[in-house]
């Protein structure tokens, strides 16, 4: 069978179409666990245990594999598996490199500060930060992808009689606040029952804060989590907060109170003048306090900004854990000057990182800087694209994709603080071999990659993690093949902090004259990675999984490493 490509109006080129044939290495693997070209239940169970590392698998597990490939009609009449059925099993969703989606397997009973949380930035924007449209659509999409922290910017409307959602001081449009709140309510627990946190960037006067409090109370009712005390040593756990929505923002009056000079020395004329003004405003504020008290009482996680260099935003009140926000530039400053202090602070308190203001194109930054210092809420523009977003999506494929990933022990040890800048010894080596891939012929038009020939695929593969572990490689190019076979090289990744490592793949079609064409990507959290030969499903630029396109890859850690 051949495949034809038009070269000009009257000519065409034909290529012999290659079928889905198992690579030689897979054939040898099958032969090692079969007899006379057929594999029995017991032999398949031995393969699953010895090669795939499924030590606790039994005959029920093997029967599920049989059923998963039964429709391929490649069984021996006695129920034995032929090579092609074995090959289809290896490429099936049953053979994923990660635990099944929806299977939460981390301890969810620790304080909220012990988890990385899937976090969005300016969650209502559909595009750039300057003049794009505001809508509930990106909020819905984010929640349905597992995002658990939604940000809303609240401003008075032009009439000053209601709050609206918009990116202030830009040309972006506004969205109705009630629509946003309802969208969150309707989609908050689509992926998992673990809590959703709404971070409010509040630019409202007390009267509108009171109005927002009524909207929140009416919309969420019993779903709304309320603090039972102003003093507590730790945040509640995700398990305790199941089905709850938490509000996080700066409490009213905090700004003015922070401006009042508290000192025992004789104040200057300038300070005295400011104190009089501030105290007068505070008195006026007290008159309106009855209006805003409901708003203040709804704030489950008190927030503070980290913008003033003279203010110690990492001071830890043992009775009042808080959330501190800082942009990526301020994070870099903190990392250089107070890295271990930041790690200590995040053991009890929450830290939210957000993109710097110059990222007007809604691009993103390296999330690992925040994660390696314990920051729980590394906020991303979910409407953006690119490698950094793929890494973010990869991190939260962990723990069943529930939106919460337990931080590794190294970030929670109160006695030996983790220092990401320190050079650690190699703990283990990840060995990866990419055998083959398939599905592009089903997910793409036959001229998508090249008008005149089948595609020339190659794979880039690398580690995202601490600087010492960050490295990448690429395979050779498989020329003119819809079903490329590589498998000659084994890629070795020496890992000093495997707990924070993610493995990324990017497939491209090689083009000699123009930019290489994108052909799929994915990112896998190393602590979740299963050993053995696995089917790695690829995703498009936005993170949506292709229906058919996969790589067949083997993974092994040498020596084996225990993550949790």
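Note that Cβ sites are derived from N, Cα and C of the backbone, with glycine treated the same way.
The feature domain 'EF-hand' is assigned by Swiss-Prot to 19-54. Sorting the domain 'EF-hand' (19-54) by DSSP state (H, G, I as helix; E, B as strand; all else coil) yields 19 helix, 3 strand, 14 coil.
Taken from Swiss-Prot, the feature domain 'PI-PLC X-box' covers 106-250, and the record attributes it to sequence analysis.
Per Swiss-Prot, domain 'PI-PLC Y-box' is recorded for 296-412, and the stated evidence type is sequence analysis.
The domain 'C2' annotation in Swiss-Prot covers 406-539.
Cβ neighbours of residue 511 (Ca(2+) 1 binding site) (same chain, under 8 Å, six or more residues apart in sequence): 450, 456, 517. As annotated by Swiss-Prot, Ca(2+) 1 binding site applies to 450, 456, 509, 511.
With a 10 A radius on its CB, residue 517 (Ca(2+) 2 binding site) counts 17 other CB atoms from all the protein chains. Residues or ranges marked as Ca(2+) 2 binding site by Swiss-Prot on the basis of sequence analysis: 450, 509, 511, 517.
In the shown protein chains, 19 other C-beta atoms lie within 10 A of the C-beta of residue 509 (Ca(2+) 1 binding site).
Cβ crowding, taken as the number of other Cβ atoms within 10 Å, peaks at 456 among the binding-site residues 450, 456. Under the three-state DSSP scheme, residue 511 (Ca(2+) 1 binding site) falls in the coil class. Below 8 angstroms of C-beta separation, residues 61-63, 65-66, 76, 79-84, 86-87, 90, 95, 433, 435-436, 438, 483, 485, 487, 530-533, 552 of the same chain, each at least six residues beyond the ends of the domain 'EF-hand' (19-54), sit close to that stretch.
Listed in chain order, the residues near the Ca(2+) 2 site other than 450, 509, 511, 517 are 449, 455, 456, 508, 510, 514, 516, 519, each with its Cβ within 8 Å of the site Cβ centroid. In the predicted structure, the domain 'PI-PLC Y-box' (296-412) carries a mean pLDDT of 94. In this structure, residue 456 (Ca(2+) 1 binding site) belongs to neither helix nor strand by DSSP; it is coil.
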